[in-house]
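Student: I am attaching a structure below and will ask some questions about it afterwards.
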Amino acid sequence: MGTAAGDGLVAAAAEHKVNLSARRPFVEALRTGLAETFFPDDPFRGFGSRPPAARAWGALKYFVPALEWAPRYTLDKFKYDLLAGVTIASLAIPQGISYAKLANLPPIIGLYSSFVPPLLYAVFGSSNNLAVGTVAAASLLLASIIEEEVPPEDNPQLYLQLFYTAAFFTGVIQTALGVFRLGLIVDFLSRSTITGFMGGTAAIIIMQQLKGMLGMKHFTPKTDLISVIHSIFQYRHEWKWQSAVLGICFLLFLLSSKHLRKKKPNLFWVSAIAPFMVVIIGGIFAFLVKGNEHGIPIVGDLKKGINPLSISQLTFTDKHVNLAVKAGFFSGILALAEGIAVGRSLALIKNEQIDGNKEMIAFGIMNIAGSFTSCYLTTGPFSKSAVNFHAGCRTPMSNVVMSVCIMLVLLFLAPLFKYTPLVALSAIIVVAMIGLIKVKEFCHLYRVDKFDFCICMVAFIGVVFFTMVIGLGASVGLSVIRALLHVARPNTCKLGSIAGGDVFRDVKHYPHARNIPNVLILQLGSPIYFVNAGYLRERILRWVEEEENACKIDGQDLQCVVLDLGGVSSIDNTGIGMLVEVHKNLDRRGIRVMLPFIGPHFRMLATEFDQYHISGHCR
């Protein structure tokens, strides 16, 4: 029976030889491969049949998405965008001030950063749901990197200039990634890495807000947990009970609004405007009781007027340019990952599509322009974008409405926010950060994939106990190692027949799968490269040795080895050499080798094997 099965496979191979006549030229094959790697969406398909003017207009609309939706914009859509824009503006004001303080920048910089960038994103962005603004994680990351060499207390002007310069380099890097279609770099930030990093960052930010909650004046510039706790108790003589009591009241109010949103999703706007109400109520209270004189520190003076130009403040001196590039790179990649992930998540709910490379170009342009107009790094934060989505936004016009609202605040109302208590900003940040510590996601990762859980925990622990850069770098490094292990040690398995039919499955997963006597069927489930060729050779020969021993027990001999290459999407020259070596080794033992699933990707392989009379046929 075993001989008959082997002869049947050989006969099938003889009937269907691989077609080697249709070879593609090297240049064409290389061009196609690069196109699939960097242009998988083929954005300009169909342009060749259009007249030159139509091609130019199509390319312009591709790079300026506003030209797509603006001609079809209606008053009905504007009603929804107006409501969404006003709602996210009420959130942008307290968040802008809060995150600027988190980065040790003048509070007005946070408002500036919510004016110019949203206007540019509305023109160049491809997401209808994203709301642009500053983010806590990037703010703290920038501060932690720049403070190492330029403490804000020693030279506040240079410190601010480095933030502008870092935003410029962030924009350049993001734009370059988008233009050269290198968005795959962001893919190295896995979901597990982002979950752990954001959770660790949120934990550190919450701890740092104890400075504002307790009304302290001095605090450590370091971000690790030990330094933060030491600083809190080192300056315990600065604790103000007035700030603590007011902060607890604000926390209870904000948490209650979030709980109300979960119970009644239709009242999402209550949670959205709650931070703005905290700022207003806190400012009125601090003004009436003269809080700055009674243990409740306030923000202080805010300049009236829109963004002043800052292009002359960009610093490219040899002493500081490396620091700005480093800060811009790390924060820019993090901001890209968050912004694109948020945009894609919200787009999926509406069954829409966003282009990651367009988003990178849009983020890059708005950060370059922002660095020229007194803004620091901006992206698409989750909290603000979620509010924009639930408010019913229809197009990026909601960002324009938000920008107009911020402009009115800058022109007429900015001085009124001088009485905002710092404890109110701390309470807003604490409540926003609580949602970023996803305990359920941690537990889910532990149940589903222990290695992913380790990647997540490395990011979390690295951020909490060391620095944000160490946590992020270690987690990304572990993710890359895991990917390399998958390549270097691919899955291989022995197949058996289910119920004696034509369906074959892994014998480990299907214990009742039956072996074909005298025939060993092995499945190779990944591309074969120089990295894993040696491992696969040893693994195949080990399978053969074990099968030979099993056959000898039954008084038979192994006659045929079938290598299922259905899951092998590509193979390099080293892989071909490995399979040839395996054939020679088995041929000396009198064992035939068959490759039943050779497709068009394996023409070179088939040519090489024809020299050694290895059977093969196309599926």
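Just so you know, glycine gets a Cβ as well, placed from its N, Cα and C.
From a predicted model like this one, the values you see are computed outputs, not experimental measurements.
According to TrEMBL, the record shows the following:
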DOMAIN    509-619  domain 'STAS'
TRANSMEM  105-123  transmembrane segment
TRANSMEM  130-146  transmembrane segment
TRANSMEM  158-180  transmembrane segment
TRANSMEM  192-210  transmembrane segment
TRANSMEM  239-255  transmembrane segment
TRANSMEM  267-289  transmembrane segment
TRANSMEM  360-379  transmembrane segment
TRANSMEM  400-417  transmembrane segment
TRANSMEM  423-439  transmembrane segment
TRANSMEM  451-481  transmembrane segment
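Each of the listed features needs to be described in terms of its position in the shown structure.
Tutor: Model confidence over the domain 'STAS' (509-619) is summarised by a mean pLDDT of 78.
When Cβ-Cβ distances below 8 Å are used as the criterion, the transmembrane segment (105-123) is approached by residues 64-66, 92-93, 95-99, 130-134, 152, 159-160, 163, 299-300, 302-303, 306-307, 362-363, 365-367, 369-370, 373-378, 396-397, 399-400, 402-403, 406-407, 409-410, 414, 417, 420 of the same chain, each at least six residues removed from its ends.
Away from its own ends, the transmembrane segment (130-146) comes close to residues 88, 92, 95-96, 99-100, 102-104, 110, 113-114, 117-118, 121, 159, 162-163, 166, 197-198, 201-202, 204-205, 208, 221-223, 323, 326-327, 330-331, 334-335, 338-339, 342-343, 346, 366, 376-381, 384-385, 387-388, 393, 396, 398-399, 402, 429, 432-433, 467-469 of its chain (Cβ-Cβ under 8 Å, at least six residues beyond either end).
Only residues 6 or more beyond the boundaries of the transmembrane segment (192-210), in the same chain, are considered here, and those with a CB under 8 A from a CB of the stretch are 102, 136-137, 140-141, 216, 219, 223-225, 228-229, 232, 334, 337-338, 341, 426-427, 429-430, 433-434, 436-438, 441-442, 445, 452-453, 455-464, 468, 471-472, 475-476, 479.
Proximity of distant same-chain residues to the transmembrane segment (267-289), defined by a Cβ-Cβ separation under 8 Å and at least 6 residues beyond the stretch ends, is recorded for 87-88, 90-91, 93-95, 97, 246, 250, 253-254, 257-258, 260-261, 296, 298, 387, 390-391, 416-417, 419-421, 423-425, 427-428, 431-432.
Under 8 Å from some Cβ of the transmembrane segment (360-379) lie the Cβ atoms of residues 63, 100, 103, 105, 109, 112-118, 120-121, 124-126, 132-135, 138-139, 142, 163-168, 170-179, 183, 186, 307-311, 314, 328, 331-332, 335-336, 338-340, all in the same chain and six or more residues away from its ends.
Residues 94-95, 97-99, 101-102, 136, 195, 198-199, 201-203, 205-206, 209-213, 215, 243-244, 246-247, 250-251, 254-255, 258, 275, 278-279, 282-283, 296-297, 299, 383 of the same chain lie 6+ residues outside the transmembrane segment (423-439) yet bring a C-beta within less than 8 angstroms of a C-beta in it.
Same-chain residues lying 6 or more positions outside the transmembrane segment (451-481) and placing a CB less than 8 Å from one of its CB atoms are 137, 140-141, 144-145, 188-190, 192-193, 195-197, 199-201, 203-204, 223-226, 330, 334, 442, 445.
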